[in-house]
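Chemist: Quick one: structure below, then a few questions.
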Amino acid sequence: MTKKLMVGKVAVGGGAPVSIQSMCNTKTDDVAATVAQIHALEDAGCEIIRVAVPDEDAAKAVDKIKEQIAIPLIADIHFNYKLALMCAERGIDALRINPGNIGGEEKVKAVADICRQKNIPIRIGVNGGSLEKELRAKYGGVTAEALVESAMGHVRLLNRFDFDDICISVKCSDVPLTMRAYTLLSQQTDYPLHLGVTEAGTPSMGMVKSAMGIGGLLCMGIGDTIRVTLTADPVEEIYAAKKILRAAGLRKEGVNLIACPTCGRTRIDLIPMAEEVERRLMNCTKNITVAVMGCAVNGPGEAAAADVGIAGGKGEGLIFRKGEILYKVPQERLVDALMEEIEKL
Ligand code: SF4
């Protein structure tokens, strides 16, 4: 089991539920836009949020953002230890910073000291794309061993200053390499691991890469918190993360949506209907199975195990529960009627 740390009120590691993170793509010093995006992410199910802190204006926004949001806030900092100190003074819940890159032991000590005093964990975020030149040369490129050696080097720096509240990530855009690196890392450390596949891409390909990389590792028992990276609205990352956690068997709450593949018997425009149902149930936490079926002949029977479902007819559809037909509804009211039935469950 990994060690447990607290990012604000959210436990990470030590058997705590795997938490879902995302990162804002607003300008952090635009407090109104950043807070609005965080609220949308909170509503979608985001549990920890990170913002980029590239300069002092961004660092100065930390306390203003924090007082308006409900989930823990992480500052993502590259190279500049002063920004880390500023964020720590302004109530940040965690930092993502690589101590080996901030320019010397005195600076690492200053960051470690303030974070220890204020119980602020640090995530060491090693990234295949920015791996140290020496390690690339030593291993002949970006390898799992090189990524892990980089991460453990940063860990030792923090440990030297008596700092132990650490989370680690070793992300790459290459899925098998990411998986090898995390597997190796999990054999060498019991610090909690933050999983992700970087630059995963647009939602369709990014989802596949993340489901394989993050989901595969989770199925092996590796990983304590996850961030799906998509070239899309960050809300999509949260929905993707939830799906991965459900598919990995780590989250039970939420709707299991089943939909028929459609066939020559389909008498209704089923695909957009199934998509709408999925979208509208994304935040539903009821532990139920909902079916969206194409025809009344076989639909209710094929989906007899569903708690509730719809089956399409010609211009109208059926609402059924556990295979039993309840009533008919005009096609345009079908999804609304389904939602009303789900409300009653
Ligand atoms: S439920 Fe009906 S429409 Fe859907 S695949 Fe089965 S037979 Fe075809």
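Cβ atoms are placed via backbone N, Cα and C, with glycine included.
Residues annotated as domain 'IspG TIM-barrel' in TrEMBL: 2-241. The domain 'IspG C-terminal' feature in TrEMBL is assigned to 256-344. Residues annotated as [4Fe-4S] cluster binding site in TrEMBL: Cys260, Cys263, Cys295, Glu302.
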Chemist: Give me the count of other Cβ atoms within 10 A of the Cβ belonging to Glu302 ([4Fe-4S] cluster binding site).
Modeler: 18
Chemist: Give the helix, strand or coil assignment DSSP yields for Glu302 ([4Fe-4S] cluster binding site).
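Modeler: For Glu302 ([4Fe-4S] cluster binding site) - judged by DSSP and reduced to three states - the answer is helix.
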Chemist: Report the residues of the chain - excluding Cys260, Cys263, Cys295, Glu302 - with C-beta within 8 Å of the mean position of the site's C-beta atoms, for the recorded [4Fe-4S] cluster site, in sequence order.
Modeler: Pro261, Thr262, Arg265, Thr266, Met293, Gly294, Val297, Asn298, Gly299
Chemist: What is the total of other Cβ atoms whose distance to the Cβ of Cys295 ([4Fe-4S] cluster binding site) is within 10 Å?
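Modeler: I count 23 other Cβ atoms within 10 Å of it.
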Chemist: Only counting partners 6 or more residues apart, tell me which same-chain residues put their Cβ under 8 Å from the Cβ of Cys263 ([4Fe-4S] cluster binding site).
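Modeler: Residues satisfying the criterion: Gly294.
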Chemist: Averaged across the domain 'IspG TIM-barrel' (2-241), what pLDDT does the model get? Just tell me the whole number, please.
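Modeler: PLDDT averaged over the stretch: 95.
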